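Q: Swiss-Prot lists these features:
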SITE      88  site 'Transition state stabilizer'
ACT_SITE  92  active site, proton acceptor
BINDING   255  heme b binding site
REGION    335-362  region 'Disordered'
């Protein structure tokens, strides 16, 4: 018998067949419990904004400037300058953002984690992050990875002679991968099952293939057709809020610098970071081609140098794009790319590592799209003739690219925040008057409740205003009162006719109050909308026998229509809001999955989802005053009736449609009709985890806890966009 120690276990905690393996369609509630204190190594109460304000940003930038030309033998800098690599790192960090759900982007520093750290489009960015680690190590908690990655891209541009538009800090790191982001359903890298029909890209995706940031640089599925590629470019850049001019500026500006890497076949490239051996220490894609680095590096498989000035800002990209006629060729790795016809341009661009060698300029298929797509060509020729316009457009587009997911300017930190207010930042006027005090609040609540507006109207309007917030890109929310402006005032989910009535009543109270003030004190409509909801919740709690004060913090302001980009806000319109029992048919997605998605965007936990849904039902907040899910005989009373009646075993539920989107509950003994409910309503009794939570609130002693928990969750939603309070 061997003396070798034998482990009594073949597997360890967390391994084995999971619930999702057994039931692949099971609702994923784990996305509601990400980034908890349990995964955060920072001390409780850590205030990143306060730490960043103590940072010597100029010193960090000096260190980054020095790094740009401090070439390391383990990953030598092309042309002796790391700037182009760092621009790509920052671009790919920010460029995952998409407007449809606001997810992705640079916030949180997700490029450090799977899957992004191992995407095919992010080959070699592991080295870029490792190069800036000594600087991150030096400044520690004063600057996050998320901020440092973007700042490094900015400094890279500045070090190569470009004047940037500005930089804002404020991106706080997270410490685990974000499981709530849908990157696609493909199971193979670079697959594109996300398309249907006439190349219609699935929402909310912004990239053409699994593992890419935007488009395939060789053309759609590797087809080197510049016009077909232009269609993909326009679609994907639009999905991250870029118009044609911004798109051209970003591509041309970014490709003024550096090169791509395709020195040899991809078969030489080792596994990505998440699959690499322990000895690689988080690095991946180790190459066996030659030295594997420098002139032997393989990244995209393309081997392109665009300009004669790869480490200096210039107009050379357009000089070459329009100065040569182009023919198709292949890189040493076999990838499609383009070179000047008839040997033109030979030896006109530098070699990245041998000063005694010269090369021929080259282009990607997607570069040629800027010449052969008519709309892109017109912009490109204008930029070629007016390079100052390119510089201005690129500086603004780069700032937008790297800051789009940060939300309003109130979140921006640091001395380089631009003074100019930009429409895509969803501007809201600064408070310029004294705010209402506690006495005013009580007076206004009384006036609101005596105005003839019902609990249901006040609650649903306040919810409609506040619940547009997205924790992903910090857009939406009650501040600004944009519910009274296009496009929100016309959204079906906001019940335009009822909304107009409520707003008219609140505006009359606002006008009367403001006119009566002699000290300049004012109340905004944004504040009144929320205050009306809070007053209604207090009244509903009183109707249930509980005296509770719903927190309210004044300080919201009213945005104007001129400060509101209608097209930009259109993407915030919900296709579903399970909290109001509203649903537009969405192919392939269940109502319950959409509910959880909405809850995650609202940063709600599963208990908060549960208590809010049950409370909003009995308060009558359903769109169109639908009776579905209103499991109470006393609507307008903040009771736990929803849970009590949902879990009543005396009720038998049956689907009322083939789609199983509506159910009828009848008395199990007599068959008499009792209630109607949607999939979302029945979910809280069907899903084992949500049922466990519903049972807490259905208990005989749960009435007071239910009211307190509802008020706490309500207060959270009403203040999600109040960055001034945190």
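Every residue gets a Cβ built from N, Cα and C, even glycine.
Tell me about the surroundings of these features in the structure.
A: Counting only residues at least six positions away in the same chain, the Cβ atoms of 125, 128, 254, 258 sit under 8 Å from the Cβ of residue 88 (site 'Transition state stabilizer').
Close to residue 92 (active site, proton acceptor) in the fold, though at least 6 residues off in sequence, lie 111, 121, 122, 125, 213, each with a CB less than 8 Å from its CB.
Residue 255 (heme b binding site) carries neither a helix nor a strand DSSP state and counts as coil. Counting only residues at least six positions away in the same chain, the Cβ atoms of 306, 307, 317, 364, 367 sit under 8 Å from the Cβ of residue 255 (heme b binding site).
A Cβ distance under 8 Å defines the sequence-distant neighbours of the region 'Disordered' (335-362), meaning residues of its chain 6+ beyond its ends; these are 76, 78-79, 218-219, 222, 224, 259, 262, 294-295, 300-308, 310, 320, 324-329, 368.
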Q: Counting each residue once, how many in the region 'Disordered' (335-362) are helix, strand and coil under DSSP?
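A: For that range the per-state counts are 3 helix, 9 strand, 16 coil.
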